[in-house]
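Asker: After the structure tokens below, expect a handful of questions from me.
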């Protein structure tokens with residue numbers, strides 16, 4: 001039986017290491033979310049922070065899902081491999097920012113999130129930019145298949161995330177995560193519902 005992808009050996013090799021890094025990101029998020037149940041008195045839920053944790057969990061799952069398209073890559077180079085490792089690592093770092101090793105320096109997740117919002121939103125903007133590069137690397141046909149809305153979507157995420165670095169009004173951050181979650185769910189269901 002022929003492999004489903006022309007270079008499935010290389011593809012599987014790359015997917016293993018990307019899977020390790022994204023697995024670490026998901027573990028970090030799920031451990032953090034479980035902490036809300038394990039220690040409810042010490043870890044009060046902050047809706048904006050929780051929303052971003054759910055957004056990132058969806059984002060990591062979506063990343064793993066859409067990277068399946070890399071199976072069509074005709075030639076694997078170290079540069080492409082390095083890019084993908086950096087892209088996956090950016091997901092891990094963004095997730096790690098949401099759930100620090102220690103929270104005792106802060107009054108809770110609201111205090112922590114806003115103390116680190118510049119880092120978080122900087123990484124979020126970076127992830128959106130890396131997604132543009134990733135889609136471009138998959139070829140013009142793939143990029144065009146994402147539709148004319150795609151570059152505007154990514155540009156909007158980058159722009160609003162960069163603005164969010166400086167905004168102190170918590171209502172803005174709450175509205176941003178709600179819109180981002182709705183947009184991500186819509187994007188996944190409209191463009192990536194089926195694998196392949």
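Placed from the backbone N, Cα and C atoms, the Cβ positions cover glycine too.
Note that this is a predicted model, so its numbers are computed, not measured.
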Asker: Of 100-117, 172-189, which range does TrEMBL call transmembrane segment?
Answerer: 172-189
Asker: With Cβ distances under 8 Å as the criterion, find the stretch in 16-37, 49-66, 78-99, 119-137 that has the most pairs with the transmembrane segment (172-189).
Answerer: 49-66
Asker: Under a Cβ pair cut-off of under 8 Å, which of the recorded stretches 16-37, 49-66, 119-137, 149-167 contacts the transmembrane segment (78-99) most often?
Answerer: 16-37
Asker: List, by number or range, the same-chain residues at least 6 past the transmembrane segment (16-37) whose CB is under 8 A from its CB atoms?
Answerer: 43, 45, 50, 53, 56-57, 60-61, 63-64, 67, 84-85, 88-89, 91-92, 94-96, 98-99
